[in-house]
């Protein structure tokens, strides 16, 4: 297998972030950026994206936000002013859940929850109806929101992982910048995604609700594979609508964004089958051409709704 970059056991969280920090910077420059982690349950996706509390162990999401706010402040001397909005959702059993909704808890009744709708516009922007959007002014603001979202996210115990993420987590930061000296405006989007883990039912020991969750997770990851394969083959029809995950990510996978995938693999010998599957999928992703990234700039104010993609 051959990839753009391989991190071994000795790599630190900082090593990983340094490798993709310029991609994060692109969001400030007016690009749509999507970074997501894929892999089997327990392979370290949430650790890579979030990391545990602690300065040295922070993952990609908190490090990205620190860089975004630090760089935006340094650009003020050049006439740039930025405003930012954040949202956080999970896709659980093919249902969108707003992790920042007032009174949100991870055991609420799905039958009484809002029905969120994914909408794409002709410009390639994506909105999720009724989703909570929060204005953020510092990395501390976002850290507080991440803590709230983390408490709301669906997790469950399986035989493969004591605290297994049972949903796909999508963090979105919409960035609007204007330069008072030149009149230029940019609109960037940063999507950071921690996918639920793929797993074999026989190994996870899932029953009841865990079984339903696993089936929904595997179905959506299979849909992601179908989309990637269709793009790689240059098919006229790409089945984005086959899952909420792929439909939400359509602009990232089939549009003009800069997209990066981390594949996390387990070093355990007992996981070799799932590891091979992940490596094969990652090779197919690495060979995909999804389009030319386009910088989003204009000379007038733009729609303030949150955009994905």
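Just so you know, glycine gets a Cβ as well, placed from its N, Cα and C.
From a predicted model like this one, the values you see are computed outputs, not experimental measurements.
As given in TrEMBL:
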BINDING   39, 40, 41, 42, 43, 44, 45, 46  ATP binding site
DOMAIN    1-288  domain 'Kinesin motor'
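This view paints the features noted in TrEMBL onto the structure.
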residue : record           : Cβ neighbours (10 Å)
39      : ATP binding site : 26
40      : ATP binding site : 27
41      : ATP binding site : 25
42      : ATP binding site : 24
43      : ATP binding site : 26
44      : ATP binding site : 17
45      : ATP binding site : 25
46      : ATP binding site : 26
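As a whole-number mean, the pLDDT of the domain 'Kinesin motor' (1-288) in this prediction is 84.
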